[in-house]
């Protein structure tokens, strides 16, 4: 159906605009990250031919994105709106097929959970970011589904052994952190400390404290050794991989400071470090990761709660690590 929609758009273009449309498709650097199409492929091309060439070159998602960009360049915003309207109609998610009210993960409010916004990653070949999201979720799910309980060598299913913890808002006492206004601290305990404390659900860690709005982009978890901070991290990531919560997060990259300490003194790009520490990400090429980090978060909004694209870095085991202060003092 996407090809048919694109054809309808091109048929609404008069010959002059259609010629301009094909001209922009051939211009290097004008397609916002997509490769230009060779001139010989569009010479004497009909509207049918142009649609076929775009879908072959960019796949359906990419062809829609390129069409939208070129329509803006030739100042046909009326057709941009028409394309957006046709693309925003409800779609069936095949991952929900066969789910019932008993098997579908429950929501605390029973309201629809926020969904990630799809966008094309044009390199090394056009893929929607949800393609990489689903691949990473599948790979990480295998890693975080089970973990050891206590001193046992045998791994247990995390859902079977997980015990709810009290997660309460902590004081803002980290004066050594130079981005304190964007940092939220939470305290983890096994029992409620006082009636005045408001528990925080793991899925709400990045939401601002009640009655005290401020942008949040970093959450620090505090608690005594062995209280369950690592278990909480595993649960947080597992719930994301199974789409139980944080559905609006595009990608999560879970690190441990134990891994990072072993690499101290070595130099990596961010993408190389992710591949080194998180083997589950190797199916996302360095080229794709570099594009994601460079282009997707550049909305100008540092507020995690309102960001259009959400990339989350998780660092476990910070206590006793000399890298923690250095990490908190830099911009990723």
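Here the Cβ of each residue, glycine as well, is placed from N, Cα and C on the backbone.
The range from 42-81, 82-121, 122-161 that TrEMBL describes as region 'Disordered' is residues 82-121. Mean pLDDT, taken over the domain 'Pyrin' (1-89), works out to 87 on the 0 to 100 scale.
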